[in-house]
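Shown next, in structure tokens, is the structure this report addresses.
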Amino acid sequence: MACLLRCVTCCSVQRPGRRFFQTFPVLYDQQAHKGVRYKDVLVGVPKEIYQNERRVAVSPAGVEMLVKTGFKVQVESGAGREAKFSDDQYRAAGAQITDTKGAFESDLVLKVRGPVFNDGLRMHEAELLKPKSTLVSFIYPAQNPELMDKLSRQQCTVLAMDQVPRVTIAQGYDALSSMANIAGYKAVVLAANHFGRFFTGQITAAGKVPPAKVLVIGGGVAGLAAAGAAKSMGAIVRGFDTRPAALEQFKSFGAEPLEINIAESGEGVGGYAKEMSKEFLEAEMSLFAKQCKDVDIVISTALIPGKRAPLLIKREMVESMRDGSVVVDLAAEAGGNIETTKPGELYVHQGVTHIGYTDLPSRMPTQASSLYSNNIIKLLKAISPDKEFFHFEPCDEFDYGTLDHVIRGTMVMKQGKNIFPSPLPKTTPPPAPPKLKSVAELEAEKRAEISPFRRTMTSAGVYTAGLSTVLGLGIASPNAAFTQMVTTFGLAGIVGYHTVWGVTPALHSPLMSVTNAISGLTAVGGLVLMGGGLTPSSIPESLALLAAFVSSINIAGGFLITQRMLDMFKRPTDPPEYNYLYALPGLAFVGGYGASLVGGYSIEQMMYLGSGLCCVGALAGLSAQGTSRLGNALGMIGVAGGIAATLGALKPSPELLSQMSLAMATGGTL
């Protein structure tokens, strides 16, 4: 107790005064805040000296945003000249103009390409960096270990824009996607420039121009951008990817997704595709070989992180393409997807133009610089959200899709220590939560549900009404012939309904055409009523002659138009067809009937049965792509058998047979 009293009495009692309330914020800042105030951070934007590089890391609009945040910004003179940004624009945005050394001696250096050797200063750009400074640029640490060593000697902290994780929260600063989007668009523009025809099909007074056919390999950002650009220009676009999700995205862009008959998914890590099995690759090569013979333009974008780009288009495939075709290899910098690509070059190999440029984003410098600038500014704001102090700290343990995931994934070096690659996140990507229905929606569904009793009662009522109708028709039938006709009509309706139900939409027109041809069997009625000798002897016989003549036009024209429609579905790469062999069953059917007549047999009813089955088979065949040509052949056999059986049953005189033959032959040739 005495000790406690001594402590209390030894402490001077102070009333809350002005000094206490002024000192506390300062102490709070020193303890809670880490890093440096924005106003004390000097940001440098050097000029890019990499060969053919025309981009700049920060646009004048980006400089203005940095200055508003509190940074001091200095830009190397002429840094934005190739991107159409003048020094005056940077000054107006709040930046100072400096020389090369001044830009690199900043606390935070923002670049596009990683540091390279400067021939003018005879020094490597990494050596120009201020010790313990921070560098933000494309680095590709796995491919550039020597550059990482140079940066380590300068004790730099490095943020690699190429290592930004492909997660939802990082979409705004995913520079690879921004540049890939530009590369895909530019690839189509360059291909159109070197292609000798229109992309879109046209019908002019001078003739018909077919649309260009474009094959896009790889359904990443660049591939989808290329597919969208080519489709908007009117080309026929086909897309291939090993990932089912990418094929769905191709389809959403209006492109035709190409698949192979091997169930293997190519989903990899980080939004890239993985390496596939040997069997899958062989089937893939076979598909590409067929496509190269048919398409006019090939745009390849396939990449595998940290490895050489997969070789997908062999030399013989390129040489099988038509003269004037164009191939664009967006993976040229990583070795290329096309065997005949020369990275960085434009040349022609056996009539096929090869575009192997490795700087497509740089060929649209203004747009590329603006997007890259936005990516960097958003990244800096995200990793350092404090409004007064600039600071970010990587964590080795983090959850998937969080800001810590972005910071640790992007940072490849911390104060000279190489911390690449990033460890895996503790958690995996969460699945999409199921949509919960409201109480009102659940109650509405419950009210809409039909009880099993009511459902069964409704079905039983329908069948009761149908069978009662059948009995009513039997009672009201005037004679047995009417009942037989209704029976035939009912069965024909049911068989026809189930035959053509679910027909492929593309075959609607051929199916209607062959139905039109089969309906030409009304010629049988005309043949039955025809009479006289070489010419009809009465008005009814003349009308019967006219009916047979018109029906013959329907028969021949229907089958001919159906065949022409089916030929439009044929592709040059389809296997050969031998449909003329279907004449064998036709000759056997009609010839066998003729032989039976000579032998004294009467098998007309069996001929009618065979002809009817062939006509039903024709309708069934025309409802599917694979059996459509067989269906047309069966229709011809059925109609021929029906007419032959009618003539055999009538046994016309030679003169009347000549009249019938002339009428049908004349109608058929029209």
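Here the Cβ of each residue, glycine as well, is placed from N, Cα and C on the backbone.
Sequence annotations record features per position, and here TrEMBL assigns domain 'Alanine dehydrogenase/pyridine nucleotide transhydrogenase N-terminal' to 44-183. Model confidence over the domain 'Alanine dehydrogenase/pyridine nucleotide transhydrogenase N-terminal' (44-183) is summarised by a mean pLDDT of 96.
The feature transmembrane segment is assigned by TrEMBL to 485-504 (among others). Within the same chain, residues 473, 477, 511, 616, 619-620, 622-625 sit at least 6 positions outside the transmembrane segment (485-504) and bring their C-beta atoms closer than 8 Å to a C-beta of that stretch.
With a threshold of 8 Å between CB atoms, the same-chain residues lying at least 6 positions outside the transmembrane segment (510-531) that come near it are 500, 503, 537-538, 540-541, 543-549, 551-559, 561-562, 565-566, 615, 618-619, 622-623, 628, 631-632, 635, 638-639, 642-643, 646-647, 650, 652, 656, 659-660, 663-664. Annotation source TrEMBL lists transmembrane segment at 510-531 (among others).
Residues of the same chain lying 6 or more positions beyond the ends of the transmembrane segment (543-561) and with a Cβ under 8 Å from any Cβ of it are 513-523, 525-531, 536, 632, 635-636, 639, 659-660, 663-670. Feature annotation from TrEMBL assigns transmembrane segment to 543-561 (among others).
Here TrEMBL flags 581-599 (among others) as transmembrane segment.
Taken from TrEMBL, the feature transmembrane segment applies to 606-624 (among others). A Cβ distance under 8 Å defines the sequence-distant neighbours of the transmembrane segment (606-624), meaning residues of its chain 6+ beyond its ends; these are 495-496, 499-504, 507, 510-511, 514-515, 518, 521, 562, 589, 593, 630-632, 634-635, 637-639, 641-642, 644-645, 648.
What TrEMBL lists as transmembrane segment is 630-650 (among others). Within its own chain, the transmembrane segment (630-650) has Cβ neighbours under 8 Å at 510, 514, 517-518, 520-521, 523-524, 527-528, 555, 559, 562-563, 566, 579, 582, 585-586, 589-590, 593-594, 597, 604, 607-608, 610-615, 617-623, 657, 660, 664, counting only residues six or more beyond its boundaries.
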(message) As a quick check of your reading of DSSP, tell me how many residues in the domain 'Alanine dehydrogenase/pyridine nucleotide transhydrogenase N-terminal' (44-183) are helical, how many are strand and how many are coil.
(response) 53 helix, 25 strand, 62 coil
(request) For the transmembrane segment (581-599), find every same-chain residue at least 6 residues outside the stretch whose CB is under 8 Å from a CB in it, and list them. (result) 607, 610, 630, 633-634, 636-637, 640-641, 644-645, 648
